[in-house]
Every structure is written in C-alpha cells, then in structure tokens.
Amino acid sequence: MWIPLLVVVVIGSLLHFTEAQHPCDSITGNYDTWLTSAQRVDVVVVGGGASGLSAAKVLLKDSTADVVVLEAQDYLGGRVKTHRQGDILVEDGAEWINGGVANRLFGLAKRLNALTNPIPASAYDWRARTWDGTVADARGYDAAARLFEKCEEPGIQVNYYTTGYGKCYIDRFDKVYKNSRAVAREKAGWYHYLHMWVNKDVGCTDWMEQSARDADRFTDWGYDRWNQWKDGYDTVITHITKSVPDNKIRTSTPVCKILWDQPGGEDVVLVVTQGGDAYLASHVIFTASIGHLKDRHTHLFEPQLPQSYRDAMNGIELGIANKVQLGWSYPWWGPDPLNLHIIFPKMELPPQKSWLYGLMEILTIHQQPNMLQGFIPGDYGIALENLPEATVKEHIVQHLKDVTGQNVPEPTFFRRSRWMANPWTRGSYNSFVTVEGDNAGLRNRNPLTRPLVNSNQKKMLYWAGEHLSNTRYGTVDGAMDTGETQAYRLIDANPKYWK
C-alpha cells in the first residue's frame with residue numbers, strides 16, 4: 001500500500017506548536033503566603049466548560065456545598081466556542097449534535113426551539129477534484145465512503161483490538177478500491193483522502209494511533225444525524241449557566257497550583273490562581289482538558305500525581321482538528337451549498353503549503369450560504385497553527401482557485417483556529433486511548449475517573465471531562481455526563497452536603 005512518506009519530510013520542521021512561556025510560569029509565593037490570604041470554600045471546580053458548569057449546577061441544586069468555578073479563559077464553554085461577527089456565526093470548536101434523537105442535547109435543543117436540521121445531501125453541489133483542478137473519479141469516493149462505513153460497523157473493530165483503529169482501512173482498501181473500478185492513477189489520492197477523513201474524525205496524525213478497542217467503544221446510538229444549534233453551540237452553555245449564579249464563577253482566572261495533600265495537616269486543598277488569589281477547599285473537581293493536564297501536571301499539582309494515575313494519563317492523547325473558515329459577500333462557487341472533495345494523487349505542493357494535504361473536504365457552513373469551512377487534523381493542523389494568518393489565508397484562497405478552476409474573490413471574512421497553541425486546551429478533538437496505552441493495560445478510561453485520596457485517606461480530587469467518558473468521549477454531552485456524575489459522587493461521599 002502506498003503511504004505518503006514525503007509528507008513527513010515536507011512538514012517535519014512544523015510538527016510541534018511553537019511553545020512560549022506558560023502564563024502560570026510567572027506565579028510567585030509559597031504555601032504559607034497563599035494560605036494566609038485563602039478564601040474558604042467547599043468545592044472548587046477547575047474549568048468553566050460544559051463539564052465544569054454541569055458539575056457546579058448539580059452541586060448547587062442537589063447539595064448544600066459552597067462552590068466556585070474557576071475558568072482560565074475570558075469566556076465560558078471551553079472547547080464550545082461560538083464566534084459572532086455581524087450576521088456571521090461560526091464555531092471554533094464543537095459544532096454538531098452527534099447521535100440524533102438519542103443525544104440528550106437533541107431534546108434540549110428542541111425544547112429551547114434552538115434546533116436546526118442538517119443541509120440535505122441532495123441539496124449540495126457535490127464535486128470531487130484533484131488538487132490541480134482535474135475532475136476526480138467519483139467511484140474513488142464511493143470506495144472510501146463504503147470502507148468508512150464498513151469499519152464503523154458493530155463488531156468489525158474487535159478483529160483489530162491488538163492493533164490500531166486504522167488497520168481495518170489499511171487491510172481492506174486495496175480490495176474495495178479494485179472492486180469500485182475507479183481509475184488506478186487516483187488510487188494513492190483516494191487512499192490519502194480516506195486517511196485524512198479518519199484522522200479528521202479522530203483528530204490524530206495517523207489512523208494507527210487510536211486503539212481499535214477505544215474506537216469500538218464509542219457509540220452514536222445508530223443515529224447518523226448531524227443537527228446543529230440554530231443560534232450557536234454556546235446556547236447550551238448559556239442554558240447551563242443560568243443555574244450557576246454569576247458570583248460563583250470567575251473567568252480569566254487560571255488555576256496554576258493545586259496543593260492537595262499536606263501530611264499531618266488539615267484535609268483541605270489549596271488552589272492558587274495566576275493572579276495570586278487562593279482558595280482553601282474541602283474538595284476539587286478538575287475538568288480541564290487532558291491536553292492541558294498532560295502538559296502542566298508536573299507544575300500544577302503538589303505533591304505530584306500518583307504514578308498509577310500518571311501511567312494511565314500517558315495512555316490517552318487529545319487530538320487536534322483545526323478549522324479554516326472563509327466568507328464572501330456572495331457564493332462565488334454557485335447558488336447551491338458546496339461539498340468539495342480534494343485528492344492528491346501525487347504530493348507535489350511546495351513545503352510551506354504542505355498543511356493543505358490535511359484538507360480533504362471543504363463545505364458550505366450551515367446557515368451561512370456565503371461561507372466555506374475545512375478541517376485540518378493532526379500534524380497538518382499544527383503546521384497550520386505555526387504559519388502567519390495572512391499566509392494561511394493566501395494559501396487557502398489560491399488552493400480554492402487551483403481546485404475549482406474558478407475566480408475566487410478576496411474573502412471578506414477569514415478565521416482559523418489554533419487549539420494546540422492554546423495553553424488551556426493543548427488540543428481540541430477528540431481524546432483517544434492510544435495503541436500503546438491499550439497494550440500497557442489501559443482498556444478503558446475508568447482509572448482516570450477515580451478520586452485521589454490524601455495521606456489521611458480522604459477523597460480530595462475528583463475528575464471530569466469528555467476524556468473520561470468511555471462511550472461519548474469527544475462530545476459535549478459526554479463532558480456534561482462526567483461533570484454531573486462526579487458531582488453526585490462527591491455529594492454521596494460527603495453526608496455533610498446532603499440536603
């Protein structure tokens with residue numbers, strides 16, 4: 001099987017995000033100085049995303065605990081981030097209500113009159129092109145789509161549990177492509193297309209990174225629907241936040257230190273923010289991303305997390321799938337929504353443009369008929385982040401000209417996400433158990449959900465976030481579920497908070 005080794009050479013110098021000093025590196029003080037000014041609180045929730053806010057909602061509704069939510073960024077939602085600019089509404093992060101009617105958010109959106117249906121497939125202007133504008137053989141797409149569906153079928157991935165999720169595709173592609181009767185000269189291009197399709201869904205650089213067991217565990221309940229929020233995905237964040245009073249939330253308040261076990265001392269956790277504010281809590285629910293946790297845990301926690309927890313944490317990665325969004329005053333491609341599929345039969349782009357190899361599809365943005373969007377996963381997405389914004393814009397506009405053969409006017413709107421460079425996320429979508437993690441014994445995410453106990457055997461640290469859901473990782477509803485579950489777990493273990 002042809003594998004695009006040239007890509008590794010081309011983008012090799014761009015594979016890592018440019019790392020500046022972390023905002024928490026400037027924190028000053030010590031335990032005694034922080035303790036002197038600490039504010040007493042029952043529970044500190046670290047992170048104001050869907051998981052953290054859901055945890056706070058449960059604690060405030062179903063317990064007597066005093067709660068404060070500390071969010072590092074200047075908005076609530078975490079990787080739910082809706083951008084508005086005049087009549088434009090786009091999503092930097094979460095975008096779809098995956099799973100249709102079985103997803104709790106589907107029902108919530110309907111009740112809020114905030115649900116909008118996907119664009120019907122028949123409404124799209126469907127095109128398949130090579131990167132230089134040649135019409136591609138649609139049978140190659142049919143082969144890729146057929147194999148994608150096959151490897152997603154229940155019971156298929158069990159055959160690959162000792163290897164990676166991508167092995168199903170690698171093993172079957174030759175036969176499926178041959179049976180499709182698509183032209184041989186495009187085979188390499190459609191193989192790369194399928195590889196990027198899978199990587200986009202996982203957020204990985206290589207489809208062999210995710211454990212097949214982990215991939216098999218995810219469920220969409222058999223409903224392949226992709227509804228969206230009419231007025232932005234942050235509608236759900238606003239809805240949850242209505243149950244959490246403003247005086248319980250601190251935005252732009254990064255947590256930089258969590259001192260969770262002082263031998264011989266009181267059963268408390270000292271939480272210190274970048275600004276020097278300190279909170280003395282009986283418990284902490286930590287809901288930040290696994291990317292941030294892996295990046296900062298040695299600086300963040302005193303004492304260090306137990307070795308068993310670190311070992312489990314090392315078996316999970318947070319993927320990256322960045323977005324590029326462009327808008328114009330009119331749809332220059334034509335009156336219908338565009339669905340443009342791009343293949344690379346040969347890898348002939350200049351090195352600086354190599355991030356475009358990760359862009360396998362460009363779509364009209366739902367409810368934005370004059371706008372287009374593409375996803376760029378893995379190392380290609382990191383390469384995108386490391387380029388100047390003007391350069392990325394120049395690249396994508398020229399790429400659209402080359403692929404469509406049409407005159408592409410200067411965009412009136414341009415936006416690209418940079419989730420890996422964000423020190424509070426270090427990734428976007430989705431979390432996955434690696435093959436190495438599975439081989440080391442991490443069969444599920446349960447070891448990371450167990451509360452940490454201090455020297456007095458008191459449960460001090462609780463954990464939540466989408467990366468802790470075994471079946472709905474990478475989803476907003478999965479994040480909410482874990483936040484609620486851990487909040488109830490904390491309440492159940494502490495009768496003093498019972499109502």
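Including glycine, each Cβ sits where the backbone N, Cα and C put it.
Those TrEMBL annotations? Automatic predictions, nothing curated.
As recorded in TrEMBL, the features of this protein are as follows:
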| type | residues | note |
| --- | --- | --- |
| BINDING | S51, E71, A72, V255 | FAD binding site |
| BINDING | F375 | substrate binding site |
| DOMAIN | 51-136 | domain 'Amine oxidase' |
| DOMAIN | 209-491 | domain 'Amine oxidase' |
| SIGNAL | 1-20 | signal peptide |
Taking the recorded FAD site as S51, E71, A72, V255, identify the other residues of that chain whose CB atom sits within 8 Å of the mean position of the site's CB atoms, giving them in sequence order. V45, V46, G47, G48, G49, G52, V69, L70, Q73, G78, T253, P254, T287, A288, W424
Taking the Cα atoms as reference points, how far is S51 (FAD binding site) from the residue listed as 'substrate binding site' in Å? 24
Roughly how many Å lie between the Cα atoms of F375 (substrate binding site) and E71 (FAD binding site), rounded to a whole value? 27
The residue listed as 'substrate binding site' has how many other Cβ neighbours within 10 Å of its own Cβ? 26
Around the Cβ of A72 (FAD binding site), other Cβ atoms found within 10 Å total 25
Using CB atoms and a 10 A radius, I'd like the single residue among the binding-site residues S51, E71, V255 with the highest neighbour count. S51
